[in-house]
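Here is what Swiss-Prot records for this protein:
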DOMAIN    6-240  domain 'ABC transporter'
BINDING   40, 41, 42, 43, 44, 45, 46, 47  ATP binding site
């Protein structure tokens, strides 16, 4: 069996002058090409994990291995070249006057030759379907477009893993769907490993596997269908089940023969329409 691309082994961390651990004895793995979502309410420890993965925070106990190597001072810069982090606020990520300049910035810092740089920029912008906006100023873009440009900047560096740290939380529904569709396509077509840090279970439903965090510890782990069966347990820790999951459950209670496993409104409507058409 292939070695996991990410392995977190008994990791604990607490912030300075804090008695309670932000993350305590957390262990999990991620396979190459997997979309793994870490979900939890604010303060559950999920964003602390994201910062440890790129070396911004150092575990007090335990070990983090990425790409088969222990994450430490000697390996952190290599890891950062292979992992891209998309933050919550897209406006905090732009440094260039145009979309093209912004994508070029990280390439220049990594010493990529000019001709190769141009090729990578064109390829990355095509992958996120933003070709018409290459010479736009970032402030003229919508929130979803800005996050797609941020993803393009990461893709130009050709990473093995993308971390989305609440990357859709400030977007409207259309922008959120644009970003998630882009990520799903890259995950499926290029086998880029995706680690999604979110409190939004509708976003997490798109992942292959979920890890639920509560008070710094792993509360549950499984597929979206397995996790959503927890129902009220998730709601008690401040997580809101997707509308389609709640509505599907209520309809089944009323005797409507719906199958389980619907996570989006579109899927639920399609199933209801199919049932109606059979009458």
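Backbone N, Cα and C atoms are what each Cβ position is placed from, and that goes for glycine too.
In the predicted model, the domain 'ABC transporter' (6-240) shows an average pLDDT of 90.
For residue 47 (ATP binding site), other Cβ atoms within 10 Å of its Cβ number 21. All protein chains included, residue 43 (ATP binding site) registers 15 other Cβ atoms within 10 Å of its own Cβ. For residue 45 (ATP binding site), the same-chain residues lying six or more positions away in sequence with a CB closer than 8 A to its CB are 22, 23, 24, 26, 213, 215, 216, 217. In this structure, 41 is the one among the binding-site residues 41, 46 with the smallest number of other Cβ atoms inside 10 Å of its Cβ. Cβ contacts within 10 Å of residue 44 (ATP binding site), excluding its own Cβ and spanning all protein chains shown: 24. Taken residue by residue with DSSP, residue 47 (ATP binding site) is part of a helix. Highest Cβ count within 10 Å among the binding-site residues 40, 42: 40.
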